[in-house]
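So that you can see what the record holds, here are the features copied from TrEMBL:
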type	residues	note
BINDING	9-16, 22-23, Arg61, 88-91, Lys99, 115-116, 184-185	substrate binding site
ACT_SITE	His10	active site, tele-phosphohistidine intermediate
ACT_SITE	Glu88	active site, proton donor/acceptor
SITE	His183	site 'Transition state stabilizer'
Amino acid sequence: MTQKLILLRHGESEWNAKNLFTGWVDVDINEKGVGEAEKAAELLKVEGLLPDVLHTSLLRRAIHTANITLDGCDRHWIPVKRSWRLNERHYGKLQGLNKTEIRDQFGEEQFMQWRRSYDVPPPAIDPDGEFSQHNDPRYADIPESERPLTECLKDVVARMLPYWTSDIVPDLQAGKTVMVAAHGNSLRALVKHLDGISDDEISGLNIPTGIPLYYELDENLSPVTRGGRYLDPDAAAASIEAVKNQGKK
Ligand SMILES: O=C(O)[C@H](O)COP(=O)(O)O
């Protein structure tokens, strides 16, 4: 028997539209993002892919997107589990800064290394700075020494995988259709794991906002089709290109 996994990056956020590095800053989705979340519900209904359980990050943009999508396909009542381990990558000192300005200031190579290298994190944020979440009560359960002040994708893989194993896999193995509502980089980390993508190749993978990515997994939790399937492939292709080119305009 195969298992059903739906990955959903939040719809466009206020800061996606403003071209700002966001990371753990808790911004909401904008009107376009609401529309994407509603469309995601339609796509799930057409496919007959109705989630039995939801896993989200602790961030409003993922939670809000998932609520709209589940409401739209009459699944607002399913159980929900949330974890900081599904949060966006902590973008360190870049949080709150404009992507184009950072690219202009530091050059394309440094900009892309911070955005897409596997193991080079941006400089750490000042824990008491304006865009820091270091003292946010929702993260009080993370021992202070382990609370990130910046992260590279490798760090995200390391903190996301324990949750995948302990909480998401058991739901899949119980035969549930699982939806994970999360973020560009936490989903890149999960896709890297599922598809066995190398540390080098992962730099070329981008996740579009608000379009369900469906994975059918075999008994070993390997994708039946590598890369899964976007439920709206044309919209996904256009949005992937836009994410890839962020900071270039
Ligand atoms: O945190 C952010 O700024 C975005 O959600 C992801 O940004 P990226 O595509 O530049 O990594």
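Quick reminder: no glycine exception, Cβ is built from N, Cα and C everywhere.
Here Gly23 (substrate binding site) is compared against the recorded positions His10, Glu88, His183, and the shortest C-alpha distance is to Glu88. His10 (active site, tele-phosphohistidine intermediate) sits 8 Å from Gly184 (substrate binding site), taking the CA atoms of both as reference points.
With respect to ligand 1, the recorded positions Arg9, His10, Glu12, Gly23, Glu88 contribute Gly23, Glu88 as residues with a C-beta closer than 6 angstroms to one of its atoms, given in sequence order. In this structure, of the binding-site residues Arg9, Lys99, the smallest number of CB atoms within 10 A of the CB marks Lys99. Calculated from their C-alpha atoms, the gap between Glu12 (substrate binding site) and His183 (site 'Transition state stabilizer') amounts to 11 Å. Each residue contributes its Cα atom, and for Trp15 (substrate binding site) and His183 (site 'Transition state stabilizer') these two points are 13 Å apart. Reported as a whole number, the C-alpha separation between His183 (site 'Transition state stabilizer') and Lys99 (substrate binding site) equals 17 Å. Scoring each of the binding-site residues (Gly23, Gly184) by how many neighbouring Cβ atoms lie within 10 Å, the top position goes to Gly23.
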